[in-house]
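> This is the structure I have questions about; it appears just below.
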């Protein structure tokens, strides 16, 4: 009897769970409580086999429960299996209960690839998305690297690993050949310094005219004149090395020593001397003008091109100072002092070769080459290391094979010259092996040099191509700015970016509100 009572009680308790609870009014009548007011009523808020309606960035689709059940660990799979509306709302950005539609403020292009993933089980990389943005989207939807298709996995991993190491850590280049926003921001900060400066607007225009050949017509004319002066200076330096001018200079020096005059008696050709003075005057005008117009004197002396300009005129003034000092301290030793002064002049004249680098201010290729060398120090270091190891090894082998022969292989340091020439495949032919073992060592040295030099050179060449394309893209962006001035273009880029971002957000919010308010007006979504 007791057993029956216990069983009956247990049966009543279980049965009571299946009967909806009711409330008793004042007359004693029972009325059922609505499902929404019953906590944990156990009635599902949507059928588990019902298709899932989603709206991702304005793209509406309906995904079948069977397709989502194949991937329960994804965000949409967990959304399909959500036990309550509150749990589902945690997985989406918004939910329209009237239409039964879930809204996600995410990239619609990636969502189309996500649909393909639910069909085939493989995810393909989108070229229009940055590798990091693609990874963020994949993480948001609950997809791992294992979901990537075999045809895209290697490319994705290579791009993801290479970008931070090559571009971010070393500050080499951005991910594309588009103009770099960091460089534009640097120019903006420089231009902003003129706002509080005296005659800031005029100084800014003059500075842009001298620094940017594509800024205006006067800047193009100034650039052409500057290039012409540089070429004339280089031509004068080359002409001065001709034998007839060297003989003229030597005769003048001898006449000076015989006459007992000071160093002022040595004179170059009058035409070349006047041309040199004109070039120095122009270079001095450029340096002083850029220094006076520069927004920051500290940044001026840190810029490589400005340092090249200073070095190009420094030898002339150092020569003048040396001549003045020599002329003021003559005590009957004119010949010896003249000899020392001639050596100093030769050294300073040799420094004039740096004027060739002034063309980098007007050449995209030279600037790209400088940027490539700046950001390829690792590759250059690897190249030098490979050459040092190869030269050391093959020089020792050549010394062992050729030390008995009188062919210039007397010591290992003497063999380093031969090893360097051979590994770089130059082959002057001044020192050659004659024994069979020496020839075999030379063959290995040449073949090893081809392999060793080719590996880093390829990487450096790829970087140069990237920098060159990026520089050309930046110049094209300046040229295609139309009637707007360059500083207006630069000052508006940040504002345009922020405005575009705000407009995009407003459009996204308006599109989402319109989607939620009038879902019936949209076309019937497809079921996947």
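Yeah, the Cβs are placed from backbone N, Cα and C, and that goes for glycine too.
Under the heading topological domain 'Cytoplasmic', Swiss-Prot lists 1-217, 294-304, 363-377, 469-528, citing similarity to another entry as support. The transmembrane segment annotation in Swiss-Prot covers 218-239, 271-293, 305-322, 342-362, 378-399, 440-468 and rests on similarity to another entry. Sequence annotations record features per position, and here Swiss-Prot assigns topological domain 'Extracellular' to 240-270, 323-341, 400-412, 433-439 based on similarity to another entry. Per Swiss-Prot, the feature intramembrane segment maps to 413-424, 425-432. The motif 'Selectivity filter' annotation in Swiss-Prot covers 425-430. The region 'Disordered' annotation in Swiss-Prot covers 497-528. Look at Swiss-Prot and you will find 519-528 tagged as compositional bias 'Polar residues'.
Surface or core, plus neighbours and distances: that's what I need for these features.
On the 0 to 100 pLDDT scale, the topological domain 'Cytoplasmic' (1-217) averages 71 in the predicted structure.
Beyond the ends of the transmembrane segment (218-239), by six or more residues, the same chain brings 208-210, 212, 245, 272, 275-276, 278-279, 282-283, 286, 349, 352-353, 355-356, 358-359, 361-362 to within a C-beta distance below 8 angstroms of the stretch.
Same-chain residues lying 6 or more positions outside the transmembrane segment (271-293) and placing a CB less than 8 Å from one of its CB atoms are 203, 206-207, 210-211, 225-226, 229, 232-233, 236, 239-240, 245, 300, 306, 309-310, 312-313, 316, 355, 358.
Look at the topological domain 'Cytoplasmic' (363-377): DSSP puts its residues at 12 helix, 0 strand, 3 coil.
With a threshold of 8 Å between CB atoms, the same-chain residues lying at least 6 positions outside the transmembrane segment (378-399) that come near it are 170, 409, 411-412, 415-416, 418-420, 422-424, 433, 437-438, 441-442, 444-445, 448-449, 452-453, 455-457, 459-460, 463.
With DSSP states grouped into helix (H, G, I), strand (E, B) and coil, the topological domain 'Extracellular' (400-412) comes out at 4 helix, 0 strand, 9 coil.
Outside the intramembrane segment (425-432) by six or more residues, the chain places 407-409, 417-418, 442, 446, 449-450, 453 with a CB less than 8 A from a CB of the stretch.
Residue counts for the topological domain 'Extracellular' (433-439) under DSSP, helix first, then strand, then coil, are 4 helix, 0 strand, 3 coil.
Panel annotation: around the transmembrane segment (440-468), residues 172-173, 177, 364-365, 368-369, 371-372, 375-376, 379-380, 382-383, 386-387, 390, 394, 397-398, 401, 419, 422-425, 427, 432-433 of the same chain, lying at least six beyond its termini, place a Cβ under 8 Å from a Cβ of the stretch.
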> Are there residues at least six beyond either end of the topological domain 'Extracellular' (433-439) with Cβ under 8 Å to its Cβ atoms? List them, or say none.
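The answer is 397-398, 400-402, 405, 407, 409.
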> Report the DSSP secondary-structure composition of the topological domain 'Cytoplasmic' (294-304) as helix, strand and coil residue counts.
7 helix, 0 strand, 4 coil
> May I ask for the residues of the chain that lie six or more residues beyond the topological domain 'Extracellular' (400-412) and have a Cβ under 8 Å from a Cβ within it?
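Those are 418, 430-435, 437-438, 441, in sequence order.
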> With DSSP, how much of the motif 'Selectivity filter' (425-430) is helix, how much strand and how much coil, in residues?
0 helix, 0 strand, 6 coil
